[in-house]
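Peer 1: The structure's right below; bear with me while I get my questions together.
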């Protein structure tokens, strides 16, 4: 009888618990007159409808909000993005970590603002898992800001849209003092891995011209599993167990460029597959397209195969969205790159080329920590303590490297002074699982869970 009751009430219970998906949530819609707002303006805000997720448990933090922010697409057309702001217990209003999660999908319902909420769909599990990477930032007392940088069209791997969204999210956060208590002159570090590195890297490269006023706030950017050439990522993943990434790259670019989409549509052997590319978040794409041949072999999805990249329109679009080709865009803030030599998603050649381009242009500070024994997925874990160490040093006003430094290590667990950050990760993970408060100097009477279940 008990099981029958549970079976009958489960749909009702689930309806109460689950956050609303962006595609049917009116909060994500641009309000009337939004085009007249300035980029970075907060158009509306709310508490996150559900608690921030820790996977199977909610995070115990002080507060969390969603902002609807005025931004723009790759062509300068006005649009809106949603950004999530998380306040830890005993937060430091002078420090912000802008953490770009690796959404790596071309569907609105995969957006970080949705995926970071407790109860979000299992298809967003890869994004949910990144809360364990950002948890130590909260434990240090930093506000964490995470934008839906792909924008309302879900333009995965589209550089300009993504970078501008990150910068406008930071602008909004710095204006949010009356809501969040963040100081207007707060210092900001950007960090992203995989798709999040693409957005963060573009933000750093665009910032001197697009958001020059942020120079007084930005302390640097950490880039892991750094994607700088989208064609190389498609080449590396097509006809492999990671072919879902190739699908999502093509779908994301098609969402921003109608002419790109039209060329793909007219070249397809399997329209049913192409038309469903945007139906999946990353986890689903991996499962759905394992071993898929979009451009390889006889039974490929696109007739032209790799020759499609010789099409002048396609070639220009993919190069316009590859940071490795943008030699005129040079960050003026310190840069930290950590990357596995065995990366299966973003082969290390292109991050190295981007590093060299920036060095040749005279960048003031860039550090490349190459990990000999790890690939894309393992480096996201192994390299994270090195990135955290670098970020803590920047917030502590320690000087970054002068000029360019590329160091190859057996593993980035050998990064200097990394041991304390490794312990920070273990502590934060245990705090998440035990639903302990995330933040510095927490007293026992502050451990009540701030839940929006």
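Yeah, the Cβs are placed from backbone N, Cα and C, and that goes for glycine too.
For 1-14, the entry in Swiss-Prot reads signal peptide. According to Swiss-Prot, the feature N-linked glycosylation site maps to 36, 229, 266, 269, 417. Taken from Swiss-Prot, the feature disulfide bond covers 110-281, 359-404, and the record attributes it to similarity to another entry. Sequence annotations record features per position, and here Swiss-Prot assigns active site, charge relay system to 194, 343, 376 based on similarity to another entry.
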Peer 1: May I ask which of the recorded positions 266, 281, 376, 404, 417 is closest to residue 194 (active site, charge relay system) if we compare their C-alpha atoms?
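Peer 2: Closest recorded candidate to residue 194 (active site, charge relay system) by Cα: 376.
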Peer 1: Report, as a single number, how many Cβ atoms besides its own are within 10 Å of the Cβ of residue 194 (active site, charge relay system).
Peer 2: 29
Peer 1: Tell me, by DSSP, whether residue 266 (N-linked glycosylation site) is helix, strand or coil?
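Peer 2: It is helical.
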Peer 1: Whole-number Å distance between the CA of residue 269 (N-linked glycosylation site) and the CA of residue 229 (N-linked glycosylation site)?
Peer 2: 26
Peer 1: Show which residues of the chain containing residue 359 (disulfide bond), separated from it by at least 6 in sequence, have their CB under 8 Å from its CB.
Peer 2: 366, 403, 404
Peer 1: For residue 343 (active site, charge relay system), just count the other CB atoms lying within 10 A of its CB, please.
Peer 2: 26
Peer 1: Pick out which of the glycosylation sites 36, 229, 266, 269, 417 has the most other Cβ atoms within 10 Å of its own Cβ.
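Peer 2: Going through 36, 229, 266, 269, 417 one by one, the largest Cβ count within 10 Å is at 229.
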Peer 1: Please report how many Å separate the Cα atom of residue 110 (disulfide bond) from that of residue 229 (N-linked glycosylation site), as a whole number.
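Peer 2: It is 23 Å, counting Cα to Cα.
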Peer 1: Minimum Cβ neighbour count within 10 Å among the disulfide-bonded residues 110, 281: which residue?
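Peer 2: Selected from the disulfide-bonded residues 110, 281 on minimum Cβ neighbours within 10 Å: 281.
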Peer 1: Sorry to bug you, but what's the C-alpha spacing from residue 229 (N-linked glycosylation site) to residue 281 (disulfide bond), rounded to the closest Å?
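Peer 2: Answer for this pair: 21 Å between alpha carbons.
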Peer 1: Specify the nearest of the recorded positions 36, 229, 266, 343, 417 to residue 376 (active site, charge relay system), where nearness means the distance between Cα atoms.
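Peer 2: Going through 36, 229, 266, 343, 417 one by one, the Cα closest to that of residue 376 (active site, charge relay system) is 343.
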Peer 1: Hey, which of the recorded positions 376, 404 is the loneliest by Cβ count within 10 Å?
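Peer 2: Fewest other Cβ atoms within 10 Å, among the recorded positions 376, 404, is found for 404.
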Peer 1: Nearest to residue 343 (active site, charge relay system) by Cα distance: which of the glycosylation sites 36, 229, 266, 417 is it?
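Peer 2: Of the glycosylation sites 36, 229, 266, 417, 229 has its Cα closest to that of residue 343 (active site, charge relay system).
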